[in-house]
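Colleague: I have a structure I would like to understand better, so I am pasting it below and will then ask my questions one at a time.
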Amino acid sequence: MGNNGEVTPWNMSISSGNVLLRDPRHNKGLAFTEKEREAHYLNGLLPPTIATQELQEKKAMHILRQYEVPLQKYIAMIDLQERNERLFYKLLIDNVEELLPIVYTPTVGEACQKFGSIFRRPQGLYISLKDKGKVLQVLRNWPERDIEVIVVTDGERILGLGDLGCQGMGIPVGKLSLYTALGGVRPSVCLPITIDVGTNNEKLLADEFYIGLKQKRARGEEYDELLEEFMKAVKLNYGEKILIQFEDFANHNAFSLLNRYRNTHLVFNDDIQGTASVVLSGLLSAFKLLGGTLSDHTFLFLGAGEAGTGIAELIALQITKKTNCSIEEARKKIWLVDSKAIKPTVLIGTSGVGRQFTQEVVETMSSLNEKPLIMALSNPTSQAECTAEEAYTWSKGRAIFASGSPFDPVTYEGKVFVPGQANNAYIFPGFGLGLIMCGATRVHDDLLLAASEGLASQVTEEEHAKGIIFPPFSCIRKISANIAAAVADKAYELGLASLQPRPEDLVKFAESCMYSPVYPSYR
């Protein structure tokens, strides 16, 4: 039936053509060849023309660009994903800088807010309080047996938008599409999950189109028991090496879940650890511009939530690795509250509240430093502590600026400044690929440091000269392969990798593991 590694995935029957066209994993639309149409009963079910995948991509991008409203583009992308998976990923990989803000922050936030009204076909797996005692059965209802990564949310703190309950599903779906597009993890091994324990969002509770449980959020024992059952069921069903990424949990649950399961499961919290790793990478990269090392700088944070605390701890850990000082000593460089006595060289905003970096704050930073480093990390764009234009204007073009959501380049006094985007999408896809490809069993903080250094190493001298501290997203697959290799290398060093023998060239190995969205030939 098949060669070149592709076994035809359906039984030969008269209905096979129709089944094939309706299966997004195998559908090629007009790209089915004459031979394929003949062999699989597709003649007459498609118009006679035969298109290349490149032509399909050109047409799909042309259609997408007609839409003025980002949410319409998002809906069109989701429709494509549900119709033709490989074409969806081909588009996303080849046009990553244009489409990343559509399938991820900031548009995904709006999609979650309106998820009830744009909901068409369910994506991912929904586990609710109603499933207590039956979580393992629910997991077994998912059609794919071989799962390597789960992204799970309870929808309580979606980006900077708050409690969106069951509608938070847009986040795990979006994150996992990036695991595939940016990190090359195969779509079939990715499972998005939303755990619905109710919502405290009054607007949703009163909305007749709300798709989740219409009750207040469960807390305490009831919540912990459902999560415990879920974590046990996942390990039982998928084994020791399943990567579970916690996403957009509220602070109080985010830290406790990470601490509770980090020694028994392969768990990762992107809001705490992914953010920390990408910010640390930006700092390591910026200090090549500013001079000095991490321990020479003083850091002031605005907002000590999960992101702020995670970044602060990782900075302290990196300082201890490089200077042999104690973690307590390292922490003295980092301030989570403003104090008039300190003279910060780096200002980091993780408050989730927009416009906190006022003109006075930026001007003060500029009077203290020749090149102040300002990171306005809160998402989406409307919640950023300041805009790129404000940072460059108020600092008279001296600031090195990075944000969480994308900003366009800014021209100030004839010079073009390119803002950095401290986007977790730089880290988690490559980080996840690295864990999966070496069969890691636990996440150690040293793996996060390795990922930060891996990303920082991808910024070229020419980019540094222009004040750029993150590499362009257009090279993201190369970047992800290098991050994956750095993470796997550290996992082998720490005895956390189960794949033996260790591949000689980890970058090449990472590249060989990556999913390709190019159509296969069906015999």
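Cβ from N, Cα, C; glycine included.
Feature annotation from TrEMBL assigns active site, proton donor to TYR104. What TrEMBL records for LYS175 is active site, proton acceptor. According to TrEMBL, the (S)-malate binding site annotation covers ARG157, ASN379, ASN423. The divalent metal cation binding site feature in TrEMBL is assigned to GLU247, ASP248, ASP271. Annotation source TrEMBL lists domain 'Malic enzyme N-terminal' at 81-262. Summarising the annotation, TrEMBL assigns domain 'Malic enzyme NAD-binding' to 272-492.
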Colleague: Applying a 10 Å Cβ distance cut-off over all chains shown, what neighbour count does TYR104 (active site, proton donor) have?
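Modeller: The answer is 26.
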Colleague: Could you tell me the C-alpha distance between ARG157 ((S)-malate binding site) and ASP248 (divalent metal cation binding site) in angstrom, no decimals?
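Modeller: So the Cα of ASP248 (divalent metal cation binding site) lies 5 Å away from that of ARG157 ((S)-malate binding site).
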Colleague: When the number of other CB atoms within 10 A of each residue's CB is tallied over all shown chains, which of the recorded positions ARG157, LYS175 has the maximum?
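Modeller: When each Cβ's neighbours within 10 Å are tallied, LYS175 tops the list.
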Colleague: Given the recorded positions LYS175, GLU247, ASP248, ASP271, ASN379, which lie within 10 A of TYR104 (active site, proton donor) by CA-CA distance?
Modeller: LYS175
Colleague: Over the domain 'Malic enzyme NAD-binding' (272-492), work out the mean pLDDT and round it to an integer.
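Modeller: Its mean pLDDT is 93.
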Colleague: When you measure from the Cβ of GLU247 (divalent metal cation binding site), which residues in the chain that are at least 6 apart have a Cβ under 8 Å away?
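Modeller: Long-range Cβ contacts: VAL151, VAL152, THR153, ILE171, PRO172, LYS175, ASN269, ASP270, ASP271.
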Colleague: Within 8 Å of the Cβ centre of GLU247, ASP248, ASP271, which other residues of the chain have their Cβ, at the recorded divalent metal cation site?
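Modeller: Not counting the recorded site residues, we get THR153, ARG157, ILE158, ILE171, PHE246, PHE249, ALA254, ASN269, ASP270.
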